[in-house]
């Protein structure tokens, strides 16, 4: 099974996938941005993922995206791809999963995670290692809406199912509750598919 997990930066995808890995150690987890960074380091001398969208011309960025997709598509077994449905570039939104990419990846599921914008802002403040753009709550919500549209468009092109985990209006009763719920959802998706095989 191939699952693409998409959410805004600061949504906790890495934490979720660490929980998945604890329960299903044989699942391959690949971060699309990390694969792109390795390619961009060699070609453009980029040092940080957050520099890619600012320093690489869009036509070259597309080539890096495609090369990363080809590598990820070659992975076998259960694979979870950590990426973004849309990327903020030049004041607009660029598709993270355009047709030419999603048709190479061919995921079974695109899992979209959504949160209260305040939650995302707080998580971003706790992650000083990243060089993220500052966004207001309104901008974060607009970006989440863009993600939803892009996720469904990608699912159409990739003939994938979209699953939405919406944590808006659901405050955590304990630390990492949302991450645990999302991880359990992913684990169950994979286990159900394995049982059918």
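Quick reminder: no glycine exception, Cβ is built from N, Cα and C everywhere.
Pulled from Swiss-Prot:
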type    : residues                        : note
BINDING : 7, 8, 9, 10, 11, 12, 13, 14, 15 : ATP binding site
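Highest Cβ count within 10 Å among the binding-site residues 11, 15: 11.
Summarising the environment of residue 13 (ATP binding site), the number of other Cβ atoms within 10 Å of its Cβ, over all protein chains shown, is 23.
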